[in-house]
Amino acid sequence: MGTQRLSPIALLLPLLFASANAASDPPRPRGVGPEFAKFYKDAASFTCISNPSIKLDIARLNDDYCDCPDGSDEPGTSACSYISPLSPPQPSRVKIGQFNETLALPGFYCKNKGHIPSYVPFTNVNDGVCDYELCCDGSEEWEGVGGVKCEDRCAKIGKEWKKQDEARQKSLSAANRRRKELVTEAERLRKEVEDRISTLQTQMQGQEMKVAALEKNLAEIERAEKGKVVRAAGKGGKLGVLSGLAKERIQELTENMSRVRGERDTARSRIEELEGILRRFKEEYNPNFNDEGVKRAVKAWEDYAAQERPAPDDARDRDLDELLKPDSESAINWEEFEGEEESDVDVLYQFEAYLPTPLRTWLDAKLRDLRVLLIENGILADPHTDTPESKAVTDARSQLSTATQELNNDRSELTKHQDDLSKDYGPDGVFRALKGQCVEKDSGEYTYEHCILERTTQKPKKGGGNTGMGNFVRIEKISVDDDLPVDGKGLGSGERYVLKYENGQHCWNGPSRSTQVILACAEKDEIWKIVEEEKCVYRMEMGTPAVCGIKEGEHAAPPVHNEL
Ligand code: MAN
């Protein structure tokens, strides 16, 4: 079998279009492809392709003896197959006129009529094995070594290939369509972020103005509060102070009354208990024992019991209960008095009360300003230093703090979205549409999960905790050169996008786990293969339509099941 590492399809493809010209070419020596025909036109002699100084008699062409250093005199035999092959067979790489020890030709040319022409490595020529994968017409076994006879199977293989190719094209179109959808979706998501940014920016402008206004409002209220003349522990003016004191005193009295009532009740029940003891004593003592002390005690009890005593007044007790209730109807509504600024009497003696309202307001403001100025300059004592903040200030402060908090929330959301817009989401931002979608694959004792642009995880099938194999860090590109498996589910060769995941769970005696997910075009998202390349360093190969048709290369098309 071939020494070259390319798949049959890869070897066939370069010749797809060359075959169209083949019919018009003059007859060529055995094994020569149409693109090399020009070197073999002379009917009398042959000049080695890479060594024009070596000219041979035409009889030495395909005489099964290697004369040219580049093997070009043996296009139809394996005589020069020991020379390093061109890999991959690209005619453009032949450097004319320069001596080297590389074959000038990509291999033995099979016309493969009915299918696609192809080159077979020279080592395969006349080796007694039919290489139908590359040479469906069997022409590379022309000598019949060991009696081998390779029939022409191009019609059947070509038909099958065509079917496969159609499926491949269909799959490619589906993958490209899917990619287009993904790009559209990614654009929509990006637009959503952009829109949100502009909404937030407008919202923040308004919010900034609101915060500034509330700051001003708070400062003004605080300043105005400073200017208030009468302040004390209670709220409001003198009446407020009085009501504050009265409230405290009533509170104290109520508490004490409750306590005293409790003590009275305890004493009452003790007396009842003692009276009961004495009553039983009188009934049960033996009068025949002439005990003077006992007789005196019984007499004293009879005198005590005969005294008239007022019965407990239940109605009063009920009144007392009502009075002690905090929500009793007769309870005083202190708040009514707390808000009062000045008493009517105060107002009566206030000179400015007799002024017209506008003038009074103006004068009041001036007086307050003067008072604040005096306080701020230490000439008057600040009456507010040890008094609690007024409700007006507390409300203004809380409004400001709510508005500031809202502004800060908007600010951090804006930063998050702006950062997001500057992130790399791959070609055409396509991975934005796949972010957070998870794909799984079983492999060995684990199920592996890849949540796109988020994380990779190893989940033990037999139970136990999951292991983080890395969190998404960036997108990179690498060059790969792999054999493309028959089912096409592999990387092939060319530039490939890689999603890098790092800083996963720490590996005992090793690094933090990391994963690189190498992507190739496929009709749907699927993990093809997982390898632990080194301890805790993982490599996943994954197919996704997101990378289809981005880079011209062998793997621009998605894989199809290929049994050629
Ligand atoms: C677990 C898995 C393996 C890893 C070892 C390292 O068993 O995460 O992939 O090699 O830990 O101790």
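Each position is counted from 1, following the chain as shown.
Cβ atoms here come from the backbone N, Cα and C positions, even for glycine.
The annotation signal peptide is assigned in TrEMBL to 1-22. The coiled coil feature in TrEMBL is assigned to 172-224, 250-284. Taken from TrEMBL, the feature compositional bias 'Basic and acidic residues' covers 385-394, 408-421. According to TrEMBL, the feature region 'Disordered' maps to 385-421. The feature compositional bias 'Polar residues' is assigned by TrEMBL to 396-407. According to TrEMBL, the feature domain 'MRH' maps to 436-550.
Listed as Cβ neighbours of the compositional bias 'Polar residues' (396-407) (distance under 8 Å, sequence separation of 6 or more from its ends, same chain) are residues 204, 207-208, 210-211, 214-215, 217-218, 221, 389. Look at the compositional bias 'Basic and acidic residues' (408-421): DSSP puts its residues at 14 helix, 0 strand, 0 coil. With DSSP states grouped into helix (H, G, I), strand (E, B) and coil, the compositional bias 'Polar residues' (396-407) comes out at 12 helix, 0 strand, 0 coil. Helix first, then strand, then coil: DSSP counts for the domain 'MRH' (436-550) stand at 3 helix, 70 strand, 42 coil.
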